[in-house]
Every structure is written in C-alpha cells, then in structure tokens.
Amino acid sequence: MRIRVSYLLVLCFTLIWFRWTVVYSSFSDLDALLKLKESMKGAKAKHHALEDWKFSTSLSAHCSFSGVTCDQNLRVVALNVTLVPLFGHLPPEIGLLEKLENLTISMNNLTDQLPSDLASLTSLKVLNISHNLFSGQFPGNITVGMTELEALDAYDNSFSGPLPEEIVKLEKLKYLHLAGNYFSGTIPESYSEFQSLEFLGLNANSLTGRVPESLAKLKTLKELHLGYSNAYEGGIPPAFGSMENLRLLEMANCNLTGEIPPSLGNLTKLHSLFVQMNNLTGTIPPELSSMMSLMSLDLSINDLTGEIPESFSKLKNLTLMNFFQNKFRGSLPSFIGDLPNLETLQVWENNFSFVLPHNLGGNGRFLYFDVTKNHLTGLIPPDLCKSGRLKTFIITDNFFRGPIPKGIGECRSLTKIRVANNFLDGPVPPGVFQLPSVTITELSNNRLNGELPSVISGESLGTLTLSNNLFTGKIPAAMKNLRALQSLSLDANEFIGEIPGGVFEIPMLTKVNISGNNLTGPIPTTITHRASLTAVDLSRNNLAGEVPKGMKNLMDLSILNLSRNEISGPVPDEIRFMTSLTTLDLSSNNFTGTVPTGGQFLVFNYDKTFAGNPNLCFPHRASCPSVLYDSLRKTRAKTARVRAIVIGIALATAVLLVAVTVHVVRKRRLHRAQAWKLTAFQRLEIKAEDVVECLKEENIIGKGGAGIVYRGSMPNGTDVAIKRLVGQGSGRNDYGFRAEIETLGKIRHRNIMRLLGYVSNKDTNLLLYEYMPNGSLGEWLHGAKGGHLRWEMRYKIAVEAARGLCYMHHDCSPLIIHRDVKSNNILLDADFEAHVADFGLAKFLYDPGASQSMSSIAGSYGYIAPEYAYTLKVDEKSDVYSFGVVLLELIIGRKPVGEFGDGVDIVGWVNKTMSELSQPSDTALVLAVVDPRLSGYPLTSVIHMFNIAMMCVKEMGPARPTMREVVHMLTNPPQSNTSTQDLINL
C-alpha cells in the first residue's frame, strides 16, 4: 500500500514538473518573441509590422503568431519572417528559442552584427538571413554546435573580412550561399573539405587570389557560383572537369585569364556555363560538345577567337548562346538553325561573315536574335519568327540585302526591330507599322522604298526611325495613332505633300526630324500645342508660309532647324522667351523685316542663324539691303537722267553713312567706359572696358539657356569667366538684380565658384567669376576625357560638390536653393577641386522683381525632381534629387537622358535594370551599371556612393536625405580594405 502511494506521489510530482516545464518554456518563448519584435521592428517599420505578436496569458498564444510554428510542446521550432519589412537588429534573445530548427528572416532591412547567442540554436537545420544589412565579420564560431545545419543563406548582406572556415566542419551542410557581401581575401583551401555540399555561392564579393583547384574534390557539388566582382588571378582550373555532378558553373566577371580548359567537356551533367565578362583568350574547345546536357552557354565579352566548332551540332539541348563582343570569325554554322531548343542567339560585335543559315528560327522557339556589328551578308532568313514568340530582331551594321521578310510584319510578339545600316531594299511589310508590342523600329540607312501604309498603329512604339532611305508618297495622317511615340525620324527620304497636323498631336512626342524631303505647304499650327518637344528639324524641304504664332509655348525646345525652305514673314519676336532654345537655324529662307533683339536672341550667332535671307534686316547695321534694293529696282523704270541722279544720291548717301558709322563707332569706343559700370566684390585690378573687350565670338566657351560664357584674359594676366545673362533684365537700373547679385557676391566657400563682381549698362549684365581651367564635370564624364577620370577623383569631386551644396542649404546667409544642379554646373579648377557654379540665378534671370518665386526655373532636363511636375515648386530636396543624378553620372559615366531610349532617364534605367536582375543585390546592380571605362576601382566605395545616390533620387522629397546628411555619408564610407586586393579590374 505504501509503495502504491509513493508511486502515485512520484507520478503526480513528475506531471506537475512537466506541466511547469511546459508552462515555463512556453512563456520563455513568448517573452523571446516579444523581445525579437521590439528589437527587429526598428523606428522605420510600419505600424502593422508583426502587429499580431502580442502578450497573452494563453500558453499557446505565441504559436499563432504570423511566421511562427510550434511543436507539440508549444516550443517554437520555425520562425519565418520574410518581407515584413523590419529595420532593427537581431537581439541576443534569439538564443532563447533553443528548439528552433528553421530561422528565416530574409528580405528585411536588419542591421548590425549577428549576435553570438545564435550559437545556442543547436537544433537549427535552416539559417536564412539573406537580403538584409548585417555587417561585420561573419561569426563562424556560432555554427560550431549547429551539427544539424543543412542550409546557410547569408546572401546579399554587408559582411566583410575573410570567409568563415568553421562551417567546413558541418557534415550535413548542403547549401552555402555567402554571395553578395564584401568578403575579401582568398577562398580557403579548406572549402574543399565539405562532405555533403551541393550548392556553393561565393560570387559578388571582393575575393582575390587563385581559385583553388582543390574545390574539384567537392564531388557532391551541383552548383558553383564564383564570379561577379571577385578579381581572381589566373584562369578556370582544369581540375573542375572532374566535378561529375556539377549542373551549373558560374565564373562571370571575375578577371579570369587564359583559355577555356578542354577538360570541362567531361561535365556531362552541366546545364549552364557562365564565363562571360572576363579576359579569356583562345578558341572554343571542341571538347565542350560532350556536355550533352548543356542548355545555357554564355561566353560573351571576352577575347575569344576562331570559329564555332562544328561538333556543337551535338548540343541539342542548347537554349541560349551568348557569344557577343568577342573576336569570333567565319560563318555561323548551318547546324545552328537545326538546334531544336535554341531560343536566344546573340553574337553581336564579332567578325562573323557570309550568310545566315536559311533555316534559322525554323525550330519554332526563337525569342532573342541579335547579330549587330558583324560582316554578315545575303538575305534575312524568312522563319525567324516562326515561333510567334520572337521579341528582339536586331541586325544593325551588317551587309544584308534584299527585303525585310513578310513574317517580321506578322510577328506580334516583337518588342524591338533594328535593321539600320545595311543594304536592304524593297517595300517594308505593312504589318511592321502595326505591331502592338514594338517599342523601337529602326530602319534607317538602307535602300527601302515605297509608300508608308495608310493604316498605322502601335500602342507601345516609342521610337520610329526611317532616315536615309527611298520612301516616297505622303506622310500618313495615321501617324497620329502612335500615342506612345517620342522620337520620329523621317529625314533624308523623298516624302511629298504637307506635314500632317496630326503628327504634332502625338501626346508624348519630343523629337521630330523630317528634314531632307520634298515637303510643301505650311508648318502645321499644331506644333505650338506640343509643349513636350525638345528638338524639331524641318530643314531642306519646300515649306512655305510663316512660322506659326505661339512658338513660345514650346518651353522645352532646345533645337529648331527650319533652314533651306521657302518660309516667309517676320522672324517671330516671341522666340526671345524660349529660354531652352540654344540652337536655331532659319538660314536660306525668305524671312523679311528686322531680326528681333534681346532675350534668347543673344544666344544665337546672327551671321549663321539668319544667313541666306536676302530680305531680312539685321539690327544695329547702317542699312537694310532689301530696302535699298527695292528703291534701286523702282528707279530703273525712270529715265537715264533720273537714274543717274538717284545713283549719285545713293553713292553720296552711302559715303555719308560710312562717315557717320565711323564717327559713331569711334564715339562709342570713346565713351565705352562711361556706358559700362564695374561693381567688384573684392579687389580687382581690371576695368569695365577690359571685360567688354572680351565679348567676342572667339572667346565663347559655353552657351546655355541662361546666357553665353566667355573667357576673358585681363591686362594684368588673370583670367575670368564672363557670363552674359539672357533674359528680361534691365541692367544696372534693376535694383532687385543688384540686391540679389550683391548677396551672392558675399558667399565665400572653397567649393562654391566665387562671384568676383559684375559689369552692367542699361541693357546688359555681365557676371564675373573665377575661371576654371579644367572645365565642367560633365565635359570630363561625357567627353573624350571621361575614361581618364579615375574613381578616386570622381569620389573626391562628389564630396567637394556636396560640401558646396551643403553650405548653400545649411550655413549660408541667406540660405540658397541652387535649382539647377547638374554635372555641367560643377566646375573644376587647376587642381581638379570641384566648385558649384550657377547657383541662385534662376529666380531672377527671367522675372525681375519676383525673386521670391520658387518655381521660375525647375532645372535641366534629366535632373528635375519628379514632384515638380505637379507642384511647380522646388526646394532644397529638389537640389538633393539633382545631386543624386550627378552621383549616378559619376558611377555610370552616362548622361542623364538620351542614352537609355526615348522617355527613359538615368534613374528610370537603373530601376529597370534592377528589376531585370535574376538575383537583385546592390553588388549585382552596381556591376551591371558601372562605367565600363573605369578600371581598378574599390567595389565597396562604388556601392556606398550608389546607395547614397539612390537615397537622393527617391520619388518623394521628404524621404531624401539633407545635403548635410549626404556629406556625412560620403565622408564616412564603410570601413574596408582598399588595397589592390579590393579592386575590381574589368
């Protein structure tokens, strides 16, 4: 009896203890989760993030939290918190979840170092911390006790230092992804000791040294990613040919040299080989044809030579062949047309010659076809779009002849048609002008002929280029149906008739070139309604009538060419208000009257802009040739005696006019010093007449909507930059101008171009600046010298320009908003120190007395913040956006507009590029966009500036940093090894 009672007591005690243990453990996990929520959310997290994670007295409440899975004992065994997003850090309390088997906290914004308490999670099978901002060295020691770990994913973080070696001892580890970080040094030899590894990702780091041949010992490995931004020495290890289970080998963009090892042909299970963007040489080994499973082969952007091996006809599974930008030669083998699964063939920029295989595309699978810049001849294969799925058809810069195949006009899947610079002839299939998805149709520089179809449509077409062909007939009125069209080029053809007014009703149209045709009739009045226009060229036609009234509505127009027509009437006075117009050509027409003066007319060279108009009078000239000519013509009807008298009077008058002119010129020179007044903001040993004498055509160093800039060499040996302002200013009598310019003259900062003074008379204002002998940043980035501007210099210029803007926004009195930040307004002195220029002028250049208006000038195309479109206001965050565009220019080396397709600016292009990456990360994106002219740059530094740039160009102004914050970020880059081991050599 006593034994039974004792047994019951022990049983009750055990049950109570177990129940207490469950309760304690349950509440312990609840407390840990609540601590995690508090730490991981961060200040920037949205209110609803993890909102269901709340305290409760229920033992199982935490098991119903989003992303939480419990076992039968109410212990947390899985935590999956993905894409919340979170902005805090991972706290030490994570170690309390000791039964955790799966920790997945990917795609958030968690920062700081990983806590050492992770070492307590000895039951972990999956640790996924990818797509966060964790930093510091990866603490490999935390994995020592994780003997069950099968997958470790730390992709796309900010870990630095050497690769962790402790993880090699994890016998069950199958998946290791450390790509997209800042790991440096060499790949440890010990990485060949993994026993079960199937996936190894070390790409997109800063690794150097040789790729260890010993990695070939990883016999279970199926995927090996080693490329992208790593900078190895040597080439592909031949021993890799023994990795019999390998399915994917990626070693792209990692500075590989040497030849492709023939031993890779032994990888019979390999389906993808990516070795593009390296320095590989030699020919393609025929042995690669033994890779019977191969589907994707990318050898692009190397220095490979020779021909495509005939043995590649065995590769029946090939879907992708990227061979572009090499030195391959010979013909494209006929077997390529027989590959049953081929979808992508891109071989542009090689030396391929002869004809294309006639059956190319006959497999019914083609998606992408690009053979640009080769020496290919013959006819275009007729079945390229047999699949009905072809997206790109690009054969530019070859020697193709014959017609465009009818099938291209029926290929509704196409997005790009580019056949320029060939010898194509015959009419264009009408369907080409009705494809719904095409964004660019480029047929220029061929011998295409016939009339354009009367039915034209295409809801996606943004660029239509038919230049330099033999097209005839009228321009179809249906052209107006192209509602997405931004650029229209019909120049150098044989079009006749009038320009359809509907052309200028296309809502997004920015560029029109219809020059060099046989067009007649007037310029359509609808042109004045298309405010989006930036360039119009109607020259070399037979257009007549007057220039339509209302041209001043085209405030974004920068180029207008109406030369070599029969246009008559006066030169429109309203052109003076077209402040963006920097190129105007009205030469060789029948304009009459007097050329207007002032405003934007000060930008133009009269002798070139208005040449060849015999009845046009120029201002400030002694006589008007047309008037004198008409007078003489009428006198011919009179008697010889009267004619002689008139001629005598005319000659006497001419002599008198010459004498008067000489007298006036001498008088003007005598009184020039009295007509101009110099106001100096520091001691200047120059006179007003010294400045005025420099206003000569040969001294012009720049033109823009704000005025003309001259280089002035003063008698004392100093050089100054003289800016002649264009606008409605009233010279020295404009007291608003004087007050504001004198305020600007007091600004002193080493990174702001100093205003030395100004010279004015009653009509004109001349601003005097320090002369910057090295020109503008824009000239260095986008001119011939761009490749010589190394990364260190670019970063230095960014810091200095940021400091100048920061001073204007935060420390200047009064505070100044620049309103036209761009690379051309960042000037470089003799020591290449950056100086911000043209600050604060926009608010009074065009509207004297309205200097409080913040919307009189929005900036320059490509730099304008998006909010201007609906607020018509600018503030300091608008400057920040523009500066972000400048930072992108420094990184990418391309202009903000004009190089990414019509209607796409540099910000939109970067975002589009990011969306197209298969594995998006800062590293991958930077490598995809970085200026190819740069060599040997520290990747960490480029990524750091790129991240700052993307913060600056955020769509909403309040989300952008201040310039003070920008300076702080630029001057405090992340700590990294900046030795040559951290350099990427492209």
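Easy rule for this one: first residue shown is 1, then count along the chain.
Every residue gets a Cβ built from N, Cα and C, even glycine.
Under the heading ATP binding site, Swiss-Prot lists I701, G702, K703, G704, G705, A706, G707, I708, V709, K723, citing sequence analysis as support. Around the Cβ of V709 (ATP binding site), the number of neighbouring Cβ atoms within 10 Å comes to 20.
Per Swiss-Prot, the feature N-linked glycosylation site maps to N80 (among others). With a cut-off of 8 Å between CB atoms and residues at least 6 apart in sequence, the same chain places G67, T69, N102, T104 near N80 (N-linked glycosylation site), listed in sequence order.
Under the three-state DSSP scheme, N102 (N-linked glycosylation site) falls in the strand class. For N102 (among others), the entry in Swiss-Prot reads N-linked glycosylation site, with the evidence type sequence analysis.
According to Swiss-Prot, the feature N-linked glycosylation site maps to N109 (among others), an assignment based on sequence analysis. The number of other CB atoms found within 10 A of the CB of N109 (N-linked glycosylation site), across every protein chain shown, is 16. For the recorded site, N109 (N-linked glycosylation site), the DSSP three-state label reads coil.
Cβ neighbour count for N128 (N-linked glycosylation site) (all protein chains, 10 Å cutoff from its Cβ): 20. The N-linked glycosylation site annotation in Swiss-Prot covers N128 (among others) and rests on sequence analysis.
Residues or ranges marked as N-linked glycosylation site by Swiss-Prot: N141 (among others). Cβ contacts within 10 Å of N141 (N-linked glycosylation site), excluding its own Cβ and spanning all protein chains shown: 13. Reduced to three states, the DSSP call for N141 (N-linked glycosylation site) is helix.
The N-linked glycosylation site annotation in Swiss-Prot covers N266 (among others) and rests on sequence analysis. Of all Cβ atoms in the protein chains displayed, 17 besides its own lie within 10 Å of the Cβ of N266 (N-linked glycosylation site).
Summarising the annotation, Swiss-Prot assigns N-linked glycosylation site to N317 (among others). In this view, N317 (N-linked glycosylation site) is surrounded by 16 other Cβ atoms within 10 Å of its Cβ, with every protein chain counted.
Annotated N-linked glycosylation site per Swiss-Prot: N351 (among others), in sequence order. For N351 (N-linked glycosylation site), the count of additional Cβ atoms within 10 Å of its Cβ stands at 13 [all protein chains shown].
Mapped onto three states, the DSSP output places N513 (N-linked glycosylation site) in strand. Under the heading N-linked glycosylation site, Swiss-Prot lists N513 (among others), citing sequence analysis as support.
Taking Cβ-Cβ distances under 8 Å and a sequence separation of 6 or more, the neighbours of N518 (N-linked glycosylation site) in its chain are E494, F495, I496, N541, N542. DSSP assigns N518 (N-linked glycosylation site) to a strand. What Swiss-Prot lists as N-linked glycosylation site is N518 (among others), and the listing cites sequence analysis.
Sequence-distant neighbours of N561 (N-linked glycosylation site) (same chain, 6+ residues apart, CB-CB distance under 8 A): S515, V536, D537, L538, S539, T583, L584, D585. The N-linked glycosylation site annotation in Swiss-Prot covers N561 (among others) and rests on sequence analysis.
The secondary structure of N590 (N-linked glycosylation site), as reduced to three states from DSSP, is extended strand. Annotated N-linked glycosylation site per Swiss-Prot: N590 (among others), in sequence order.
Within the same chain, residues 227, 235-236, 244-262, 297-309, 311-315, 317, 322, 986 sit at least 6 positions outside the repeat 'LRR 8' (268-291) and bring their C-beta atoms closer than 8 Å to a C-beta of that stretch. Among the features that Swiss-Prot reports, repeat 'LRR 8' is placed at 268-291.
The repeat 'LRR 10' feature in Swiss-Prot is assigned to 316-339; the stated evidence is sequence analysis. Here the repeat 'LRR 10' (316-339) has, by DSSP, the following mix of helix, strand and coil residues: 5 helix, 5 strand, 14 coil.
If you look up Swiss-Prot, you'll see 340-363 marked as repeat 'LRR 11', on the strength of sequence analysis. Each residue in the repeat 'LRR 11' (340-363) gets a DSSP state, and the totals come to 0 helix, 8 strand, 16 coil.
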Neighbour tally for N513 (N-linked glycosylation site), based on other Cβ positions within 10 Å of its Cβ: 20
Taken over the repeat 'LRR 19' (531-554), the model's mean pLDDT: 94
DSSP three-state assignment (helix, strand or coil) for N266 (N-linked glycosylation site): helix
Rounded Cα-Cα span from K703 (ATP binding site) to N128 (N-linked glycosylation site), Å: 56
Spatial separation of K703 (ATP binding site) from N590 (N-linked glycosylation site) - C-alpha basis, Å: 27
From binding-site residues I701, K703, G707, V709, the one whose Cα lies nearest N513 (N-linked glycosylation site): K703
Within-chain partners of the repeat 'LRR 20' (555-578) [C-beta distance under 8 Å, separation at least 6 from its ends]: 510, 515, 523, 531-547, 549, 584-596, 598-601, 610, 612, 616, 861
Integer Cα-Cα distance in angstrom, N317 (N-linked glycosylation site) to N266 (N-linked glycosylation site): 16
Packing count at G707 (ATP binding site) (other Cβ atoms within 10 Å of its Cβ): 24
Spatial separation of N266 (N-linked glycosylation site) from V709 (ATP binding site) - C-alpha basis, Å: 67
Cβ-Cβ distance under 8 Å to I701 (ATP binding site), same chain, at least six residues away: V709, Y710, R711, A721
